[in-house]
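Notes for the one structure printed next.
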Amino acid sequence: MTPKHWEQQGSKRKASPDSQNEYEDEFRLTNLEILSEEDNQAASSDDRWIDELPDINSSFGDEKTDDEQSQIDSVEGASEDENENGSDQENTIFPSIKTVVSDITGQFKQVLPEIEPEYDSDSSIEDDPNCVGNIPLHWYDDLPHIGYNIDGKQILRAARGDELDRFLATVDDPLTWTSAFDKNAQMDKSLTAEELDIIRRLHENENPDANYDPYQPTVEWFTGKGKEEIMPLSGAPEPKRRWVPSSWEKQKVLRIVRAIRQGRILPSKPKTTTKFEFYSIWSEPASSVAAPLPAPKLKLPTHSESYNPPEEYLPTKQERKEWAKMDPEDREQDYLPQKYSSLRLVPAYDQFTKERFNRQLDLYLAPRVHRVKLNIDPNSLIPKLPSPSSLKPFPTYMALKVNQSIHHIRCISISPDGCWAISGDEDGFISLWEVNIGREIKQWKFGGKIGALDWCPRVDVSFFVVCIEGILFFIIPPNLPNSIFSSTYALLAPAASSPAPPTSSPVQWESTSPDSWSPNKPILTVKLPSSSGVPNQIAWHRRGDYLATVAREGTQSGVWIHQVTRRHSQAPFRKLKGTVQLVLFHPLKPHLFVATQQYVRLYNLSEQKLVKTFMPGIRWISSMDVHPSGDHLIVGGYDRKLCWFDLELSEKPYKILRYHTKAIRSLHFHPTYPLFASSSDDGSIQVFHSRVYSDLMTDPLIVPLKILRGHEIRDGLGVLQVRWNSRQPWLLSAGADGTISVWCS
């Protein structure tokens, strides 16, 4: 039965309600009719015959013979009679079937009428239904489709609008709020009145069942006679005794265990290939690997290798003798050109085996790795530093040179106001001179070798300390203002003696009486123990009350810290690893830097413990200085290295500078300008720009600015000490040639 006939029948029934009622009565009667077994078999056979329809003849409409045409006409006439006689079959649900003659087999066949769809039955504009089935829809979350249609094609996901589109939809259709999105069908479906009522009840916290009565009478299930234990309720788990093991599974497991023990079941072994693999050296590798280099080629033969070379290629007797005397590796050619009248007279080549062997070595030892070289300009790798002209001011020339002594001048110091300077030589002479004009104001003579001298950093007083043969002399310079002189005198020679310290010290403090004191004599004398040695360094604390002295040639007690106000001295270390070379006070914290020959240790004086140990990698440390900010340290050594340390960064140097050709003798930071200088035995002074940023993420800027030359090298020594002027970007240097130079910007 075809859909066309169904639709025709449906349309007729729609047109005539009476015929529809008659059809319904007839259909009910046919459904109630009881068939016999033979009728059932005949009906099933008829159904199979109807299902097996013949194929449509593609050659319909071709030319036919007269006999075939007559048969077809007779069949059509018969079918027309049948249609006329069977007009009463229009009320049935089965469509009319035409009987025609097949063009291929020549037999009769029945053809169903074609479908004539109406407009209401057209489904071309409808969306394909989702035939995905009852599976989790989140499987399609990352896919562009949501299922498949009846033909197996993908159903693309429908585009859904945003909140604005939904709002506009409610304006156009006021019943939009009664619809809900169906995930399976991927579309909005209208809710029924029952579903809306359930939603309303749930929103109002009511029971979704409209027929539920919360006030119905209670049913006593477990009370009364005969109702005990009728419907017991228990949440206890199922007891294990109710579990019955499977005997069949037990036998199967036993058979498998028995087979494993007997060796009939073996575990899978890894596949091993014992086949020897050959690798082609010069074949093309995979595309991901760079192409190999081609094999080295032999040199092409020249005219000299011919059996009949030209005359100019033939060597003379003298050239043959020289070639024979030369070593084989020094010869330009491994052969001598020879001439033969014909090719058949050429003998066998005696170097053939050796050349073949060398050729094999060339192939075997030829590099087959494609080395990719970077074409980088070496100048681009050098960091771009700012121009020195943009970093001014810094000293560039020698403005003043003072010839003080014929011996080495080992120490120099500048007053805090930058106007006066003192220097000491190996003969025991100390000179006070003016920095601006280089005029010597006064000179002191001591009986021993000057080890070190330094000016007190305080501004309200003015005096300097000189170290000679284990004795410290405190000297007040002349021509001081009355206020500064009185403050200095009260500090060094107070009227009342200071109280004795709780612990005794072997260091003796002696003051000169006011009657016997004169500007030519020291006002205060500090005598160190005899085992301390000659102090080589004086390091002042920034407040000017404490100073430390270091005697490199002394014992472990060569480091002493002195307090001027209390007139007390103490040795901070009982035992140290290595010989102490230098000490420095931290400018902001109660820390002390102690440098031995190869290490720099940082001690906390208030807590009396070791904070950090720095490893500069220098064989012998010669000089050291700390930045005014207290976060950076520079260390110089006799092996020409200058190490810059960031105290918060690492224990190893941040940067190592090698600008001097000989040992470094002195280092000094400028108190106010971003400058530091280093002097060496090569007779030069290196001036650097050293800008330190407050941002911890920014590295310090270290730029070499100028090389100052003007001191002569005497006895293998050059510039022994450098000091900056605290008020100006001027530098003072003391050399082994007995001169003092002032370098200005």
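Cβ coordinates come from backbone N, Cα and C, glycine included.
Predicted, not measured: the structure shown is a model, and the values here were computed from it.
What TrEMBL records for this protein:
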COMPBIAS  78-87  compositional bias 'Acidic residues'
COMPBIAS  317-328  compositional bias 'Basic and acidic residues'
DOMAIN    140-395  domain 'BOP1 N-terminal'
REGION    1-94  region 'Disordered'
REGION    300-331  region 'Disordered'
REPEAT    402-443  repeat 'WD'
REPEAT    657-698  repeat 'WD'
REPEAT    719-745  repeat 'WD'
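Here the compositional bias 'Basic and acidic residues' (317-328) has long-range neighbours at 334, 336, meaning same-chain residues at least 6 beyond its ends whose C-beta is under 8 angstroms from one of its own.
Sequence-distant contacts of the repeat 'WD' (402-443) (same chain, at least 6 residues past either end, Cβ-Cβ under 8 Å): 449-459, 462, 464, 466, 468, 475, 477-479, 519, 714-715, 717, 720-721, 723-728, 730, 732-736, 738-742. Sequence-distant neighbours of the repeat 'WD' (657-698) (same chain, 6+ residues past either end, Cβ-Cβ under 8 Å): 388, 391, 393-395, 622-629, 631-632, 634-644, 648, 704-709, 711-713, 716-724, 726-727, 729, 731, 733, 735, 743. Per-residue pLDDT, averaged over the repeat 'WD' (657-698), rounds to 91. Under DSSP, residues within the compositional bias 'Basic and acidic residues' (317-328) fall into helix, strand and coil as 10 helix, 0 strand, 2 coil.
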